[in-house]
Amino acid sequence: MISIMNRVQLKRSNILRMALAGSDSMEEGKGETFLLKAIKIGGVVVLYWFISITMVFLNNYLLDSKDLDAPLFVTFYQCLVTVGLCYGMHLLSHLCPGVIDFPSVKFDLKVCREVLPLSIVFIGMITFNNLCLKHVGVAFYTVGRSLSTVFNVLLSYVILKQTTSFYAILCCGIILGGFWLGVDQEGVAGSLSWMGVFFGVLASACVSLNAIFTKRVMPAVDGNIWKLSFYNNINACILFLPLILVFGEVGHLVHFSRLGDPTFWGMMTLGGVFGFAIGYVTGLQIKFTSPLTHNVSGTAKACAQTVIAVVYNQSSKSFLWWTSNLMVLGGSSAYTWVKGMEMKKVHIPQEESKEKLLGEKSDAGV
(Lines of atoms letter the chains of each structure in order from A and count residues from 1; the text may use other names and numbers.)
(Lines give C-alpha, C1' and ligand atoms only; values in the text may rest on other atoms or scores of the structure.)
Protein backbone atom coordinates (compact mmCIF):
# COMPACT_ATOMS: atom_id res chain seq x y z
CA MET A 1 0.00 0.00 0.00
CA ILE A 2 2.87 2.39 0.87
CA SER A 3 4.59 1.66 -2.46
CA ILE A 4 1.36 2.45 -4.32
CA MET A 5 0.98 5.79 -2.50
CA ASN A 6 4.60 6.68 -3.23
CA ARG A 7 4.11 5.81 -6.88
CA VAL A 8 0.93 7.94 -7.11
CA GLN A 9 2.67 10.85 -5.36
CA LEU A 10 5.62 10.58 -7.75
CA LYS A 11 3.31 10.58 -10.77
CA ARG A 12 1.45 13.64 -9.51
CA SER A 13 4.71 15.51 -9.03
CA ASN A 14 5.74 14.52 -12.57
CA ILE A 15 2.41 15.84 -13.91
CA LEU A 16 2.97 19.11 -12.06
CA ARG A 17 6.47 19.50 -13.47
CA MET A 18 5.20 18.73 -16.98
CA ALA A 19 2.41 21.32 -16.62
CA LEU A 20 4.86 23.98 -15.48
CA ALA A 21 7.77 23.26 -17.80
CA GLY A 22 6.46 21.01 -20.58
CA SER A 23 7.61 17.45 -21.21
CA ASP A 24 10.12 18.47 -23.88
CA SER A 25 11.76 21.06 -21.69
CA MET A 26 11.98 18.49 -18.89
CA GLU A 27 14.03 16.18 -21.06
CA GLU A 28 16.15 19.01 -22.42
CA GLY A 29 16.51 20.60 -19.01
CA LYS A 30 18.06 17.59 -17.23
CA GLY A 31 21.31 18.67 -15.61
CA GLU A 32 20.52 22.37 -15.94
CA THR A 33 20.63 24.51 -12.83
CA PHE A 34 17.62 26.56 -11.72
CA LEU A 35 19.55 29.77 -12.45
CA LEU A 36 20.31 28.71 -16.03
CA LYS A 37 16.66 27.79 -16.64
CA ALA A 38 15.53 31.13 -15.18
CA ILE A 39 17.97 33.02 -17.43
CA LYS A 40 16.73 31.15 -20.51
CA ILE A 41 13.06 31.78 -19.69
CA GLY A 42 13.76 35.44 -18.88
CA GLY A 43 15.66 35.86 -22.16
CA VAL A 44 12.81 34.34 -24.19
CA VAL A 45 10.18 36.53 -22.48
CA VAL A 46 12.28 39.68 -23.03
CA LEU A 47 12.77 38.71 -26.70
CA TYR A 48 8.99 38.22 -27.12
CA TRP A 49 8.27 41.59 -25.50
CA PHE A 50 10.89 43.39 -27.61
CA ILE A 51 9.74 41.96 -30.95
CA SER A 52 6.01 42.34 -30.21
CA ILE A 53 6.21 45.93 -28.92
CA THR A 54 8.65 47.02 -31.64
CA MET A 55 6.42 45.50 -34.33
CA VAL A 56 3.38 47.46 -33.08
CA PHE A 57 5.27 50.76 -33.01
CA LEU A 58 6.87 50.07 -36.40
CA ASN A 59 3.51 49.29 -37.98
CA ASN A 60 2.06 52.43 -36.42
CA TYR A 61 4.90 54.45 -37.98
CA LEU A 62 4.32 52.94 -41.43
CA LEU A 63 0.53 53.25 -41.31
CA ASP A 64 0.50 56.75 -39.83
CA SER A 65 2.42 58.23 -42.75
CA LYS A 66 0.81 61.43 -44.06
CA ASP A 67 2.38 60.91 -47.51
CA LEU A 68 1.20 57.33 -48.09
CA ASP A 69 -2.39 56.31 -47.40
CA ALA A 70 -2.12 52.67 -48.50
CA PRO A 71 -2.66 50.32 -45.54
CA LEU A 72 -3.57 47.39 -47.80
CA PHE A 73 -0.29 47.73 -49.73
CA VAL A 74 1.71 47.89 -46.48
CA THR A 75 0.01 44.71 -45.26
CA PHE A 76 0.47 43.02 -48.68
CA TYR A 77 4.20 43.78 -48.66
CA GLN A 78 4.61 42.34 -45.15
CA CYS A 79 2.89 39.12 -46.28
CA LEU A 80 5.24 39.01 -49.30
CA VAL A 81 8.26 39.34 -46.99
CA THR A 82 6.93 36.48 -44.84
CA VAL A 83 6.61 34.21 -47.90
CA GLY A 84 10.19 35.10 -48.91
CA LEU A 85 11.50 34.41 -45.40
CA CYS A 86 9.69 31.06 -45.19
CA TYR A 87 11.23 29.96 -48.49
CA GLY A 88 14.63 31.33 -47.45
CA MET A 89 14.50 29.37 -44.19
CA HIS A 90 13.48 26.28 -46.17
CA LEU A 91 16.63 26.63 -48.36
CA LEU A 92 18.90 27.30 -45.37
CA SER A 93 17.57 24.22 -43.56
CA HIS A 94 18.80 22.13 -46.53
CA LEU A 95 22.17 23.89 -46.64
CA CYS A 96 22.67 23.75 -42.83
CA PRO A 97 20.58 20.77 -41.67
CA GLY A 98 22.27 20.54 -38.28
CA VAL A 99 21.90 24.24 -37.52
CA ILE A 100 18.50 25.30 -38.91
CA ASP A 101 15.37 23.18 -38.55
CA PHE A 102 12.57 24.28 -40.88
CA PRO A 103 9.92 22.24 -42.75
CA SER A 104 9.85 21.81 -46.51
CA VAL A 105 7.56 24.46 -48.04
CA LYS A 106 7.10 23.51 -51.68
CA PHE A 107 4.13 25.16 -53.40
CA ASP A 108 1.07 22.91 -53.75
CA LEU A 109 -2.09 24.28 -55.39
CA LYS A 110 -4.29 21.69 -53.65
CA VAL A 111 -3.04 22.79 -50.21
CA CYS A 112 -3.55 26.44 -51.18
CA ARG A 113 -7.22 25.72 -51.97
CA GLU A 114 -7.70 23.89 -48.67
CA VAL A 115 -6.17 26.78 -46.71
CA LEU A 116 -8.15 29.44 -48.65
CA PRO A 117 -11.07 29.80 -46.14
CA LEU A 118 -8.59 30.51 -43.37
CA SER A 119 -6.68 32.91 -45.63
CA ILE A 120 -9.82 35.02 -46.18
CA VAL A 121 -10.26 35.33 -42.41
CA PHE A 122 -6.52 35.95 -42.04
CA ILE A 123 -6.67 38.86 -44.51
CA GLY A 124 -9.54 40.38 -42.54
CA MET A 125 -7.63 39.93 -39.29
CA ILE A 126 -4.37 41.60 -40.33
CA THR A 127 -6.09 44.31 -42.43
CA PHE A 128 -8.58 45.37 -39.74
CA ASN A 129 -5.83 45.07 -37.15
CA ASN A 130 -3.62 47.52 -39.06
CA LEU A 131 -6.54 49.85 -39.82
CA CYS A 132 -7.43 49.93 -36.12
CA LEU A 133 -3.81 50.78 -35.26
CA LYS A 134 -3.77 53.47 -37.96
CA HIS A 135 -6.86 55.24 -36.59
CA VAL A 136 -6.53 54.84 -32.80
CA GLY A 137 -2.76 54.79 -32.25
CA VAL A 138 -0.72 52.59 -29.92
CA ALA A 139 -2.01 53.97 -26.59
CA PHE A 140 -5.67 53.00 -27.19
CA TYR A 141 -4.79 49.96 -29.31
CA THR A 142 -5.04 47.48 -26.40
CA VAL A 143 -8.58 48.61 -25.53
CA GLY A 144 -9.62 49.00 -29.17
CA ARG A 145 -8.64 45.39 -29.87
CA SER A 146 -9.79 43.96 -26.54
CA LEU A 147 -12.91 42.06 -27.59
CA SER A 148 -11.12 38.95 -28.95
CA THR A 149 -11.87 37.02 -25.75
CA VAL A 150 -15.54 38.01 -25.89
CA PHE A 151 -15.80 36.87 -29.51
CA ASN A 152 -14.01 33.61 -28.59
CA VAL A 153 -16.82 32.81 -26.16
CA LEU A 154 -19.58 33.96 -28.53
CA LEU A 155 -18.32 32.24 -31.68
CA SER A 156 -17.35 29.05 -29.83
CA TYR A 157 -21.00 28.76 -28.81
CA VAL A 158 -22.44 29.72 -32.22
CA ILE A 159 -20.05 27.65 -34.39
CA LEU A 160 -18.70 24.90 -32.13
CA LYS A 161 -21.70 24.69 -29.72
CA GLN A 162 -19.32 24.97 -26.75
CA THR A 163 -20.76 26.44 -23.57
CA THR A 164 -18.84 28.71 -21.19
CA SER A 165 -18.83 28.82 -17.40
CA PHE A 166 -20.39 31.63 -15.38
CA TYR A 167 -17.00 32.87 -14.13
CA ALA A 168 -15.60 33.03 -17.68
CA ILE A 169 -18.65 35.03 -18.80
CA LEU A 170 -18.16 37.32 -15.79
CA CYS A 171 -14.58 37.97 -16.97
CA CYS A 172 -15.95 38.83 -20.43
CA GLY A 173 -18.33 41.28 -18.76
CA ILE A 174 -15.36 43.04 -17.13
CA ILE A 175 -13.61 43.25 -20.51
CA LEU A 176 -16.76 44.70 -22.14
CA GLY A 177 -17.08 47.24 -19.32
CA GLY A 178 -13.45 48.28 -19.78
CA PHE A 179 -13.95 48.58 -23.54
CA TRP A 180 -17.00 50.86 -23.24
CA LEU A 181 -15.34 52.94 -20.52
CA GLY A 182 -12.28 53.34 -22.74
CA VAL A 183 -14.40 54.43 -25.69
CA ASP A 184 -16.22 56.91 -23.43
CA GLN A 185 -12.97 58.38 -22.10
CA GLU A 186 -11.48 58.72 -25.58
CA GLY A 187 -14.64 60.63 -26.52
CA VAL A 188 -14.30 62.89 -23.47
CA ALA A 189 -10.67 63.59 -24.41
CA GLY A 190 -11.72 64.42 -27.98
CA SER A 191 -9.44 61.78 -29.51
CA LEU A 192 -12.02 59.10 -30.25
CA SER A 193 -12.03 57.58 -33.73
CA TRP A 194 -15.24 55.63 -34.32
CA MET A 195 -13.67 54.25 -37.48
CA GLY A 196 -10.77 52.91 -35.42
CA VAL A 197 -13.18 51.38 -32.87
CA PHE A 198 -15.18 49.77 -35.70
CA PHE A 199 -12.03 48.25 -37.23
CA GLY A 200 -10.92 47.10 -33.77
CA VAL A 201 -14.19 45.21 -33.23
CA LEU A 202 -13.89 43.59 -36.69
CA ALA A 203 -10.25 42.68 -36.00
CA SER A 204 -11.24 41.07 -32.68
CA ALA A 205 -13.93 38.99 -34.41
CA CYS A 206 -11.46 37.90 -37.10
CA VAL A 207 -8.87 36.90 -34.47
CA SER A 208 -11.43 34.56 -32.93
CA LEU A 209 -12.50 33.16 -36.32
CA ASN A 210 -8.84 32.72 -37.26
CA ALA A 211 -8.28 30.46 -34.24
CA ILE A 212 -11.33 28.34 -35.12
CA PHE A 213 -10.43 27.98 -38.82
CA THR A 214 -6.77 27.28 -37.99
CA LYS A 215 -7.78 24.12 -36.13
CA ARG A 216 -9.82 22.99 -39.13
CA VAL A 217 -7.09 23.42 -41.77
CA MET A 218 -4.06 22.23 -39.76
CA PRO A 219 -4.37 18.63 -41.11
CA ALA A 220 -3.90 20.02 -44.65
CA VAL A 221 -0.40 21.24 -43.70
CA ASP A 222 0.52 18.17 -41.60
CA GLY A 223 -0.10 20.13 -38.42
CA ASN A 224 2.92 22.37 -39.09
CA ILE A 225 2.45 26.06 -38.21
CA TRP A 226 5.25 27.23 -40.55
CA LYS A 227 3.73 25.47 -43.55
CA LEU A 228 0.42 27.08 -42.63
CA SER A 229 2.09 30.50 -42.46
CA PHE A 230 3.68 29.92 -45.89
CA TYR A 231 0.43 28.97 -47.67
CA ASN A 232 -1.64 31.51 -45.74
CA ASN A 233 0.61 34.38 -46.78
CA ILE A 234 0.80 33.18 -50.43
CA ASN A 235 -3.00 33.24 -50.60
CA ALA A 236 -3.04 36.63 -48.86
CA CYS A 237 -0.60 38.13 -51.40
CA ILE A 238 -2.79 36.95 -54.29
CA LEU A 239 -6.04 38.16 -52.69
CA PHE A 240 -4.60 41.54 -51.71
CA LEU A 241 -3.76 42.50 -55.33
CA PRO A 242 -7.39 43.04 -56.50
CA LEU A 243 -8.22 44.76 -53.19
CA ILE A 244 -5.36 47.23 -53.71
CA LEU A 245 -6.73 48.00 -57.18
CA VAL A 246 -10.36 48.31 -56.05
CA PHE A 247 -9.57 50.67 -53.17
CA GLY A 248 -7.45 52.92 -55.39
CA GLU A 249 -4.16 52.50 -53.57
CA VAL A 250 -2.22 52.20 -56.84
CA GLY A 251 -2.79 55.93 -57.43
CA HIS A 252 -1.41 56.73 -53.96
CA LEU A 253 1.67 54.62 -54.68
CA VAL A 254 2.32 56.28 -58.07
CA HIS A 255 2.30 59.75 -56.48
CA PHE A 256 4.26 58.70 -53.38
CA SER A 257 7.44 60.80 -53.22
CA ARG A 258 9.50 58.22 -51.28
CA LEU A 259 8.84 55.27 -53.59
CA GLY A 260 12.53 55.15 -54.54
CA ASP A 261 13.81 55.80 -51.02
CA PRO A 262 15.83 52.81 -49.66
CA THR A 263 15.02 53.89 -46.07
CA PHE A 264 11.29 53.53 -46.71
CA TRP A 265 11.69 50.05 -48.20
CA GLY A 266 14.06 49.13 -45.38
CA MET A 267 11.41 50.02 -42.80
CA MET A 268 8.75 48.16 -44.79
CA THR A 269 10.96 45.07 -44.99
CA LEU A 270 11.80 45.32 -41.30
CA GLY A 271 8.08 45.35 -40.52
CA GLY A 272 7.71 42.11 -42.50
CA VAL A 273 10.69 40.55 -40.71
CA PHE A 274 9.21 41.40 -37.31
CA GLY A 275 5.85 40.00 -38.45
CA PHE A 276 7.61 36.72 -39.32
CA ALA A 277 9.65 36.74 -36.10
CA ILE A 278 6.62 37.19 -33.81
CA GLY A 279 5.36 33.76 -34.87
CA TYR A 280 8.70 32.20 -33.92
CA VAL A 281 9.11 33.92 -30.53
CA THR A 282 5.47 33.19 -29.61
CA GLY A 283 6.11 29.48 -30.11
CA LEU A 284 9.42 29.80 -28.27
CA GLN A 285 7.79 31.47 -25.25
CA ILE A 286 5.09 28.76 -25.07
CA LYS A 287 7.77 26.06 -25.32
CA PHE A 288 9.91 27.48 -22.51
CA THR A 289 6.98 28.38 -20.22
CA SER A 290 3.38 27.25 -20.89
CA PRO A 291 0.30 28.50 -22.82
CA LEU A 292 -1.07 30.01 -19.60
CA THR A 293 2.18 31.85 -18.83
CA HIS A 294 2.33 33.04 -22.44
CA ASN A 295 -1.13 34.62 -22.11
CA VAL A 296 -0.15 36.30 -18.84
CA SER A 297 3.08 37.56 -20.45
CA GLY A 298 1.06 38.90 -23.42
CA THR A 299 -1.27 40.78 -21.05
CA ALA A 300 1.65 42.29 -19.15
CA LYS A 301 3.29 43.22 -22.46
CA ALA A 302 0.12 45.03 -23.56
CA CYS A 303 0.17 47.01 -20.32
CA ALA A 304 3.82 48.00 -20.80
CA GLN A 305 3.11 48.86 -24.45
CA THR A 306 0.31 51.24 -23.43
CA VAL A 307 2.50 52.98 -20.82
CA ILE A 308 5.37 53.36 -23.33
CA ALA A 309 2.99 54.86 -25.92
CA VAL A 310 1.56 57.38 -23.43
CA VAL A 311 5.03 58.42 -22.21
CA TYR A 312 6.47 58.60 -25.75
CA ASN A 313 3.60 60.75 -27.02
CA GLN A 314 3.68 62.85 -23.82
CA SER A 315 -0.06 62.33 -23.44
CA SER A 316 -2.12 63.15 -20.38
CA LYS A 317 -4.74 60.50 -19.59
CA SER A 318 -7.53 60.60 -16.99
CA PHE A 319 -7.93 58.19 -14.08
CA LEU A 320 -10.96 56.59 -15.75
CA TRP A 321 -8.96 56.09 -18.97
CA TRP A 322 -6.34 54.13 -17.05
CA THR A 323 -9.14 52.28 -15.23
CA SER A 324 -10.55 51.11 -18.57
CA ASN A 325 -7.15 49.66 -19.51
CA LEU A 326 -6.85 47.92 -16.15
CA MET A 327 -10.35 46.46 -16.54
CA VAL A 328 -9.52 45.09 -19.99
CA LEU A 329 -6.16 43.66 -18.91
CA GLY A 330 -7.51 42.39 -15.59
CA GLY A 331 -10.52 40.76 -17.23
CA SER A 332 -8.31 39.10 -19.85
CA SER A 333 -5.91 37.78 -17.18
CA ALA A 334 -8.81 36.52 -15.04
CA TYR A 335 -10.35 34.76 -18.06
CA THR A 336 -7.03 33.02 -18.77
CA TRP A 337 -6.78 31.92 -15.13
CA VAL A 338 -10.40 30.68 -15.04
CA LYS A 339 -9.96 28.64 -18.24
CA GLY A 340 -6.70 27.22 -16.88
CA MET A 341 -8.42 26.11 -13.67
CA GLU A 342 -11.27 24.57 -15.65
CA MET A 343 -8.82 22.58 -17.76
CA LYS A 344 -7.09 21.30 -14.62
CA LYS A 345 -10.44 20.14 -13.20
CA VAL A 346 -11.03 18.14 -16.37
CA HIS A 347 -7.56 16.58 -16.56
CA ILE A 348 -6.83 15.83 -12.89
CA PRO A 349 -9.75 13.35 -12.41
CA GLN A 350 -8.63 11.58 -15.60
CA GLU A 351 -5.08 11.27 -14.27
CA GLU A 352 -6.32 10.09 -10.86
CA SER A 353 -8.50 7.41 -12.49
CA LYS A 354 -5.49 6.24 -14.55
CA GLU A 355 -3.34 6.10 -11.40
CA LYS A 356 -6.04 4.16 -9.56
CA LEU A 357 -6.28 1.69 -12.43
CA LEU A 358 -2.49 1.24 -12.47
CA GLY A 359 -2.53 0.68 -8.71
CA GLU A 360 -5.24 -1.94 -9.02
CA LYS A 361 -3.28 -3.70 -11.76
CA SER A 362 -0.17 -3.64 -9.57
CA ASP A 363 -2.07 -5.13 -6.63
CA ALA A 364 -3.45 -7.83 -8.92
CA GLY A 365 0.08 -8.67 -10.07
CA VAL A 366 -0.47 -7.41 -13.63
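Glycine is treated like the rest: Cβ placed from N, Cα and C.
Copied over from TrEMBL:
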type     : residues : note
TRANSMEM : 34-58    : transmembrane segment
DOMAIN   : 40-311   : domain 'Sugar phosphate transporter'
TRANSMEM : 70-95    : transmembrane segment
TRANSMEM : 140-160  : transmembrane segment
TRANSMEM : 166-183  : transmembrane segment
TRANSMEM : 195-213  : transmembrane segment
TRANSMEM : 233-251  : transmembrane segment
TRANSMEM : 263-282  : transmembrane segment
Tally Cβ pairs under 8 Å between the transmembrane segment (233-251) and each listed stretch (34-58, 70-95, 166-183, 263-282), then give the stretch with the top tally.
-> 70-95
Same-chain residues at least 6 beyond the ends of the transmembrane segment (263-282) whose Cβ lies under 8 Å from its Cβ atoms | 44, 47-48, 51-52, 54-55, 58-59, 61-62, 74, 77-82, 85-86, 225-226, 229, 294
Model confidence over the domain 'Sugar phosphate transporter' (40-311), averaged pLDDT = 88
